[in-house]
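Per Swiss-Prot, the features are:
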- 26-281: topological domain 'Extracellular' (TOPO_DOM)
- N36: N-linked glycosylation site (CARBOHYD)
- N43: N-linked glycosylation site (CARBOHYD)
- N77: N-linked glycosylation site (CARBOHYD)
- N106: N-linked glycosylation site (CARBOHYD)
- N131: N-linked glycosylation site (CARBOHYD)
- N151: N-linked glycosylation site (CARBOHYD)
- N161: N-linked glycosylation site (CARBOHYD)
- N188: N-linked glycosylation site (CARBOHYD)
- N249: N-linked glycosylation site (CARBOHYD)
- N281: N-linked glycosylation site (CARBOHYD)
- 303-675: topological domain 'Cytoplasmic' (TOPO_DOM)
- Y420: phosphotyrosine (MOD_RES)
- D472: active site, proton acceptor (ACT_SITE)
- Y520: phosphotyrosine (MOD_RES)
- 638-661: region 'Disordered' (REGION)
Amino acid sequence: MSSCFKSSVSLFSVFLFMILKTVTSDPTYLYHICPNTTTYSRNSSYLTNLRTVLSSLSSPNAAYASLFDNAAAGEENDSNRVYGVFLCRGDVSAEICRDCVAFAANETLQRCPREKVAVIWYDECMVRYSNQSIVGQMRIRPGVFLTNKQNITENQVSRFNESLPALLIDVAVKAALSSRKFATEKANFTVFQTIYSLVQCTPDLTNQDCESCLRQVINYLPRCCDRSVGGRVIAPSCSFRYELYPFYNETIAAAPMAPPPSSTVTAPPLNIPSEKGKGKNLTVIVTAIAVPVSVCVLLLGAMCWLLARRRNNKLSAETEDLDEDGITSTETLQFQFSAIEAATNKFSESNKLGHGGFGEVYKGQLITGETVAIKRLSQGSTQGAEEFKNEVDVVAKLQHRNLAKLLGYCLDGEEKILVYEFVPNKSLDYFLFDNEKRRVLDWQRRYKIIEGIARGILYLHRDSRLTIIHRDLKASNILLDADMHPKISDFGMARIFGVDQTQANTKRIVGTYGYMSPEYAIHGKYSVKSDVYSFGVLVLELITGKKNSSFYEEDGLGDLVTYVWKLWVENSPLELVDEAMRGNFQTNEVIRCIHIALLCVQEDSSERPSMDDILVMMNSFTVTLPIPKRSGFLLRTMKDSRDPRSGGSASDHSATSKSLPLSVDDSSITIVYPR
């Protein structure tokens, strides 16, 4: 009997160890993002400071009990200073928090070995660091969508879509008002089903910022989790999750794991009489087997429940609509047409903002209260359909303060709709080419607009990992936010280059004459230097306050570039300056910007500077600028092809070197810096 009992206990111990090992294994990895916009080198001060920060966050002295802590290392105002935070899920213990943070601190250096900015998410915690201060700063980007594979049945969709947003908004308000910035809530969905929700912000946010952050991520609900029985959106500053099962640590979640009453596992009496004494032995044997087996069954049930939870998390991670670069794919951005109609009051005239590329633009309000700009493409336009798909594919991959943010899209029959962030100050041309409104644009603002556009283009060309050529940069495609910061928009013409690709050819010329580079307008060749040419024209328009097309056949001048060149060689560049800011600008900055613009519009694209070089020229007056060469491309030579006074698009026009007898060097495409 003793041997049997010991054997049973031994087996039970092994089984229990296996269960505990499963339960206490590594944290559940969700996702990580480390954009390569800024990197550090090996043995650099930044790496030393980063290791100090991660060591501090994962040290025994960190504030695991409060589930949130921050650290910094490096001198104040030093570019190598590092800031870091961790946030653990509000329902985990301090021990689980500690283990997760320690694991994440080690893992993030392996997943992001050179990037200065990174965030890594686990089911139990998040670790984030940056070269800029992040404490108290609300950020929803970069973010990740995670969805459950299973869908709600068709007859329940309408009710589910009503219940879920209301539940999440309620729990978001509850979390924002709590000191921990964490809350859970549940709501009855059907007689037999309950929706469980969890939301959380980093505790360093104000109540207002926390609620704003949660409302914004909840806004992604129709795009990330349409009809899904479970899903979540995780961002640097906040997150939400919902499921149709209790996934967080509350009494209702712990109940299935609780052991049954002790009487069910208590050994039966050992003194039952037996005629031959065998009954007693049999009872002992049964007891020796029954006790560990009963406990094992209970623990097996607990293990299955835990594994099911982990499996649900894993399924979510495996089915997320993200590409290998951590960029949200277009599959996660879709709106229902009914939601668009509701947001725009069925596309009422009072909501119309104006006309965009291939359609009209409306102001809309989503169910969470966020104001958006909704671009509705003209129905039946095959060209619009192509540009629509391209715009979604391109813009969904971009994240930069100087690019308009695509929030979603709708494709429903003939309806093709894009949903952008709402930018209150319309576009640059609305101010720049109006005699009264242009006075709002003093030189300081214009200079910041020039710099912002340059940074946005640099991101497209170099830092987005994709090398994107916009091909239609012009004043009407530069939006201005509430602080008059520029945001490049309208990516319907944009093209993505491969890693080693430096140029491309096309017979379908798209864009706007006057902003096109000669090699593109004549030969159909485009590269990053095509956008540099357009940028140069934009800079000249910002300085002069005049449209490029307004110079057509005026005093024998073909275009704005020719007019500027004439005054430049006459050593009278300040005559170009817009009268609206005369006497209120920095002379050296204006002259330098004119000089840079003339370098951008040179005929030979290989002699044009890169956007990287342009920003160096703008920010360092010690850099000597090369002497610009005259552009050989005049708008008046294209009169037979299309009257540039219309400012129209060339999207339906095909051009080759034979159709326009202008002299342009076929080999004038430069080689882009490899990345």
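Backbone N, Cα and C atoms are what each Cβ position is placed from, and that goes for glycine too.
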Would you count the other C-beta atoms found within 10 angstroms of the C-beta of N151 (N-linked glycosylation site) for me?
-> 14
What's the most sparsely packed of the modified residues Y420, Y520, counting other C-beta atoms within 10 A?
-> Y420
The correct three-state DSSP answer for N161 (N-linked glycosylation site) is helix
Counting Cβ neighbours within 10 Å across all chains shown, tell me which of the glycosylation sites N77, N106, N161 comes out on top.
-> N161
Cβ neighbours of D472 (active site, proton acceptor) where a neighbour is any other Cβ within 10 Å = 26
Which of the three DSSP states, helix, strand or coil, fits N106 (N-linked glycosylation site)?
-> helix
For D472 (active site, proton acceptor) and N106 (N-linked glycosylation site), what Cα-Cα distance in Å is obtained after rounding to a whole number?
-> 44
Among the glycosylation sites listed here, N131, N188, N249, which has the most company in the form of other Cβ atoms within 10 Å of its Cβ?
-> N131
Going by Cα-Cα distance, pick out whichever of the recorded positions N77, N131, N151, N188, Y420 is nearest to Y520 (phosphotyrosine).
-> Y420
Neighbour tally for N43 (N-linked glycosylation site), based on other Cβ positions within 10 Å of its Cβ | 7
Sort Y520 (phosphotyrosine) into helix, strand or coil using the DSSP assignment.
-> helix
Among the glycosylation sites listed here (N43, N106, N131), which has the Cα closest to the Cα of N188 (N-linked glycosylation site)?
-> N106
Distance between N131 (N-linked glycosylation site) and N161 (N-linked glycosylation site) at the Cα atoms, whole Å?
-> 40
Confidence over the topological domain 'Extracellular' (26-281), expressed as mean pLDDT on the 0 to 100 scale, is 85
Among N43, N77, N249, Y420, i.e. the recorded positions, the one with its Cα nearest that of N161 (N-linked glycosylation site) is Y420
